[in-house]
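Q: Below are the features I grabbed from TrEMBL:
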| type | residues | note |
| --- | --- | --- |
| ACT_SITE | 335 | active site, proton donor |
| DOMAIN | 35-157 | domain 'Beta-hexosaminidase bacterial type N-terminal' |
| DOMAIN | 160-504 | domain 'Glycoside hydrolase family 20 catalytic' |
| DOMAIN | 548-600 | domain 'GH29D-like beta-sandwich' |
| SIGNAL | 1-20 | signal peptide |
Ligand code: ACM
Ligand code: ZN
């Protein structure tokens, strides 16, 4: 500690009227104030601390560091109202930015904060930038008279090179200002790739000068779906928007200043209805077409037999490459039906001429032809995992979205992979089961599940694992129609993803993450982010108590929160039962719980209806395994007393794609059985059909079964509660068999595919 510094500290303290100053007394930041997301690779705290004040100087000697200094100043100004001088030298009360040239580990940095100075040494401009992002998170989160930075030694570098966030601007358009904020927040979380999904069936959003009808026609739609897909209702309001090339340049530059690469996506051959509407000659039938107004997948795609299509796309990509310096161009490739190609003479001729055995091979031809073009211009392609079908283009990177299988297959073929499996990375899914949740596309992806994601599949060898370049969360915007809702869907799930992608695997700890998140959300408050608050609400976990019964474990991560609950359906208040231990389910009814802070309720309450029955918590064996995308954590979900909900987003339903279901529950002894039941669901718009037939049977020994109840007619919509009342039936093993509906009929959504069969809660009375 130098004298100069002591004096300056004392003056500040006196001015603040907080403490008196006695000699060379050491001052420190409050303990436990290091709360960084994503968690750095290595942090050690020291007893020292740095006092940042108006006299502190940033030392930056090159343009990059000066730019980074300016971004730091922008944050500081928002927080304190003042900025720091940026100079070429200084050694006391300084923040020193230095940038080296370690290309092998370019995004890494070291940060040391001591009494006299803070030094950030980046391995490259990006590393220095990330060091500054860390410094921002070492500052107090609220405006303080004394801005102490705790003494630390940090050595940091990312685990994965590709750390992405996607945004679908096709279904809904988002302004340039919003996208800049999106980029600010990405940078704050050390995410480095923005995947801009620019073209869709429902709208083309990038100006292409050679094709003005993309602006005039393809960027607009007549109306938009209102509410749930299955309701098939429309709002009657014209909708549109696109980015001019000047705006695109502005975004790309803004992103580059934040060390974020923008990867544009131009979808082909599917998701192209808007473009076909503008240029109908590019489709197999020649149209007329109409820019999409409903969500989902459309049969009309670019004609693969028509050379004008390739020329059009090359022209488009020429303009796109002028705007985007990224090494990668995303060319889609997902969800491209083959029905038009099957009937199109041009497509069939192309298949014959090129010796392609089926339409999947034709899609592969399409993608490879575009890849060749982009490679000739020095660019690489990324495509969704459908590009594996019919043969992978030689240099393609695969984005694995339909689970992890595409990623595994591509890595085994020595192709680079970005993981975006729906189960962990689709932020358009629900993040809470709360009844007040705004309408979302489906699924259930709470923050904790994002946090639990491991991008490297265990199926890969260490050599193959090197092809997993990272992961990305996708924000499909069918149901996400405005800025506030978008931010609500992205944060804090993106905070969790950032840690998955940046921090060492062995440093990850969810409870510790949530503790840091409590501090971190104040930074989001400062940026006026409409983040979701579910992580701090009361949660309930329905558990197998191991004694043939069901317990509910309640929890809340809210600072100073106290949980109270009721089991008589009344609203929980601070005079209800305080929660001290797991609550056992002993009768049919609803458990309601709420966390309170200073006597006031916080967030949604937990409310769960339970059906009490003989099968509760008993052993379940399944003859068939549910599809991974709709498979609860364990078979226990079938007998946990919780009936799957109508939105099927509660991890209760067992979903079977085109296959049957069979389950057996084993009771403790042979006993009287008065009734059996199971629920199924019917949402044909989502390809979920009722079973053809449900059969229950019983057995004393688990070998010989006798049929006791059968049903083969079901309600036309929503949840079907199949219930059989029984007399004089005894048994120990109860079996249920549900026969899948089979192929989805022509004319219906998903026609020709195997129907989904959903079942939950096997009730035995
Ligand atoms: C996708 O979700 N269709 C890539
Ligand atoms: Zn065709």
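Glycine is no exception: its Cβ is also placed from the backbone N, Cα and C atoms.
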Q: When the pLDDT values for the domain 'Beta-hexosaminidase bacterial type N-terminal' (35-157) are averaged, what is the result?
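A: The predicted confidence over the domain 'Beta-hexosaminidase bacterial type N-terminal' (35-157), as a mean pLDDT, is 95.
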Q: Including all protein chains displayed, how many Cβ atoms other than that of the residue listed as 'active site, proton donor' lie within 10 Å of its Cβ?
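A: That number is 17.
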Q: Using DSSP reduced to three states, classify the residue listed as 'active site, proton donor' as helix, strand or coil.
A: coil
